[in-house]
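As written in TrEMBL, here are the features:
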BINDING   Thr503, Arg508, Ser675, Thr676, Glu724  L-glutamate binding site
COMPBIAS  890-900  compositional bias 'Polar residues'
DISULFID  Cys84-Cys328  disulfide bond
DISULFID  Cys736-Cys793  disulfide bond
DOMAIN    417-787  domain 'Ionotropic glutamate receptor C-terminal'
DOMAIN    428-492  domain 'Ionotropic glutamate receptor L-glutamate and glycine-binding'
REGION    873-900  region 'Disordered'
SIGNAL    1-18  signal peptide
SITE      Ile653  site 'Crucial to convey clamshell closure to channel opening'
TRANSMEM  548-569  transmembrane segment
TRANSMEM  623-646  transmembrane segment
TRANSMEM  813-837  transmembrane segment
Amino acid sequence: MHFGLVVVILLWTHAAHGYGSNSYAASNRQAIRIGLITDDTTDRIRQTFEHAIAVANSDLSVPLVGETEQVAYGNSVHAFEQLCRLMQSGVGAVFGPAAKHTASHLLNACDAKDIPFIYPHLSWSLQTDGFNLHPHPEDIAHALYDIITQFEWSRFIFCYESSEYLTILDHLMTLYGIKGPVIKVMRYDLNLNGNYKAVLRRVRKSEDSRIVVVGSTEGVAELLRQAQQVGIMNEDYTYLVGNLDLHTYELEEYKYSEANITGIRMFDPDRKEVRDLVETLQHELGESEPMNNGSTSITLAMALTYDAVRVIAETTNFLPYQPQQLNCSERHDNVQPDGSTFRNYMRSLEILEKTITGRIFFQGNMRKGFSFDVIELQPVGLVKVGTWEEGKEFEFKRPPPITNLNENEENTLVNKTFKVLISVPNKPYASLVESINTLIGNNQFEGYGVDLIKELAEKLGFNFTFHNGGNDYGSFNKSTNMTTGMLKEIVEGHADLAITDLTITSEREEAIDFSIPFMNLGIAILYIKPQKAEPEIFSFMDPFSKEVWLYLGIAYLGVSLCLFVLGRLSPSEWDNPYPCIEEPEELENQFTINNSLWFTTGALLQQGSEIAPKALSTRTISAIWWFFTLIMVSSYTANLAAFLTIENPSSSINSVEDLAENKDDVQYGAKRTGSTRNFFLTSEDPIYMKMNAYMTNNPEMLTETNQAGVDKVKAGTKYAFLMESTSIEYNTVRECTLKKIGEALDEKGYGIAMPKNWPYRDKFNNALLELQEQGVLARLKNKWWNEIGAGVCSDKGDDDGSSALGMKNLSGIYAVLIVGSLLSFVISFFYWCLFVFKKAKFYEVPFCDALAEEFKIVVSFAENERALKSAQSVYSRSRNSSQSIESLQTDSENTIPEGD
């Protein structure tokens, strides 16, 4: 609700009396007209304005007369037109609206005409020349700083609605300096759509549970409501609210959640001026004052409106002020002669009494000298626990526990009888007892809801009778003000309570009240369990991923090539093909390309071959390859066994996104009426809007009851059903073919429905809270979900089957193979160079010539034999050329190794 107004002071002048009259006494016979331009649609600002005038007139010799103009919120053009019309009648001052852009526009117009501008909301800056009774952000930050200091917080989350509230954070950081607590800053209205749950889920996952909240009255109230839905409104969280309208919030739902909510306010609801204003609103608008202790319907904007009229009236007692008629056109440069004087005199006053927000005193453009009541939410309502004043050390002064005045004999539930609506059949909440005997009355019903009412009756002492309320839980139509189903029965007084899987929604709470949630849940997807996939013809390749098979093939060819090259580099691998001939003319290498491939194949298949490496380099790479194949074959064998015994199930859908896209032609639906259907009807999320359009265009996918939807899923017709997660949990432990898909789409709770402003609501909430603390609610849920009728399906969790081994699993063994191959090359190259050096020295030939000839022999890949005696050889020109190659000392005989 936005409260804003434009207060215009007009001096009603007679034609015979002008501004230049020398006698102020003459003006005492004339009334001062005060104009109001408001964008408040509830008429509460206008009533406050007129009430303030009536109160002020009792102390004035010159009475005030009110004039009201209504404009649409944010319509700056219309507001300016109304301002111009009033200027032409003689405007004395302007009180700005709630729409800040409109107020800024009017402020500029008033500054140009030297007309005092008054506005009742957070200051823009110290430089604005308006008259503002609202506390400056610096003072709000100082109050929050002192409270946080008393709390001794070392870290907290600062949640703000929009950038204008960062001014409070800026002043707070200035007060802390460099040694302040750890502050995590979050903007909760990220998408500007009123949905704060994404940010609140981040808060829930955060390690911080202490939250400072600043924002508009509507924004902070909605944040607290959504915080309860997300599950962070409990004893683990502490909220410090920086909005000054906490006393106007609907806090009934939070009183029994054990959440710690602290805030500040500018006035006491029990103040005489507040009570008088409340009586006026009740008489004129028929409003009812909240029953909660410490709460009131009077907002800060209304209180500042009242006090602004008081300041204006007090100023007219001391300063003669006769505003002139002005033309708001830019072509006229006329200004209000006494406008600045009147504004400055308003700031010079000190008013100590007959105001709602206390002392009014200014230092420059800022209001000072006021105090804040520090309030806490307790089971009896909002309780004052301290007073903050600038310049004074703040400390909590909590009063003794307050006894609820409603706790009296007249409000007791003992021996009272209530008619309780249930939905039958609706397992596990309520159903008919299966018995061979004829049962009547309450004995014919059983279920979670039935047991819960019995527990409450035993604790509170009331009697009850169960009645079947049908499957229509009911809804409330705002346009027609009509209710249906169970809600209608409660509203019309035909029933006292309703307990079933009835979701707490804001729409239903406009017609009835709910208890605190006895169960928290969310919307989820019910679908058949994934089916076993048919085995494929190449399923034997499943143990390894495609990537592993590819690298295995590369490794096989790479090692084979390495053996081929190392064999040619290693002298020990060149053998005499004819052992009987002592001095052969040529040598033969066993590691041909075919033999190399055959050797690696035999090792890979664990079969071996007749080829045996002789050189150190070839033996090294062979050992590494054998180790590699050992690991690979063992891994393959182990994973193959798992794949043969466990089949991977294939699911058509795995998330709500798959469902929205109708993946694999899966259809879906929900119960035709109820909170689940309303969730999709009202959602602004693109995915949920698409799903809503699908269900609207396919009404045959909607069912009358949840059980009908479950049966449709069990039929196995590629149909998924959207329902509450608790109901899905109940069905999945009894129907082995069903499964919950994905996470919950939202957070909400089930509550006991009761009439609006029911006098026994607090007692029910207290009893439910005690049952929760004693573990009774958990015991009842375990009884009806996991014991009665359960145990049919195996307790074994869902097995996702074996997954193919990837490179992350086997990268180590590949690394060993690569390093071993490189080491083999290094060893081979070293011994080959040493061999060539010894041979060149023996034949007394240059080392480089010998190295070149040996390299040509190595790279002659087409030749697997080498000639020992050749006229073209560099060794033939040596004096030792007659020596045979056998005369060289090889690595196997002496110091020079044969291999490498």
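Keep in mind that glycine also has a Cβ here, set from the backbone N, Cα and C atoms.
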Composition by DSSP (helix, strand, coil) of residues within the domain 'Ionotropic glutamate receptor L-glutamate and glycine-binding' (428-492): 24 helix, 15 strand, 26 coil
Same-chain residues at least 6 beyond the ends of the transmembrane segment (813-837) whose Cβ lies under 8 Å from its Cβ atoms: 551, 555, 558-559, 562, 565-566, 569-571, 615-618, 620-621, 623-625, 627-628, 631-632, 807, 847, 850-851, 854, 858, 891, 896-897, 899-900
Lowest local Cβ density among Cys84, Cys328, Ile653, Cys736, which the record lists as recorded positions, within 10 Å: Cys736
PLDDT averaged over every residue in the domain 'Ionotropic glutamate receptor L-glutamate and glycine-binding' (428-492): 87
Spatial neighbour of Cys328 (disulfide bond) that is closest, considering only the recorded positions Thr503, Arg508, Ile653, Ser675, Glu724 and their CA atoms: Arg508
Additional residues around L-glutamate, ordered along the sequence, whose Cβ is within 8 Å of the centroid of Thr503, Arg508, Ser675, Thr676, Glu724: Tyr473, Asp501, Leu502, Ile504, Thr505, Gly674, Asn678, Phe679, Lys748
Length of the line joining the Cα atoms of Cys84 (disulfide bond) and Arg508 (L-glutamate binding site), in Å: 45
C-alpha spacing of Ile653 (site 'Crucial to convey clamshell closure to channel opening') relative to Ser675 (L-glutamate binding site), in angstrom: 24
C-alpha spacing of Thr503 (L-glutamate binding site) relative to Ile653 (site 'Crucial to convey clamshell closure to channel opening'), in angstrom: 27
Nearest of the binding-site residues (Thr503, Arg508, Thr676, Glu724) to Cys736 (disulfide bond), judged by Cα-Cα distance: Glu724
Maximal Cα-Cα distance (Å) across residues annotated as binding L-glutamate, namely Thr503, Arg508, Ser675, Thr676, Glu724: 18
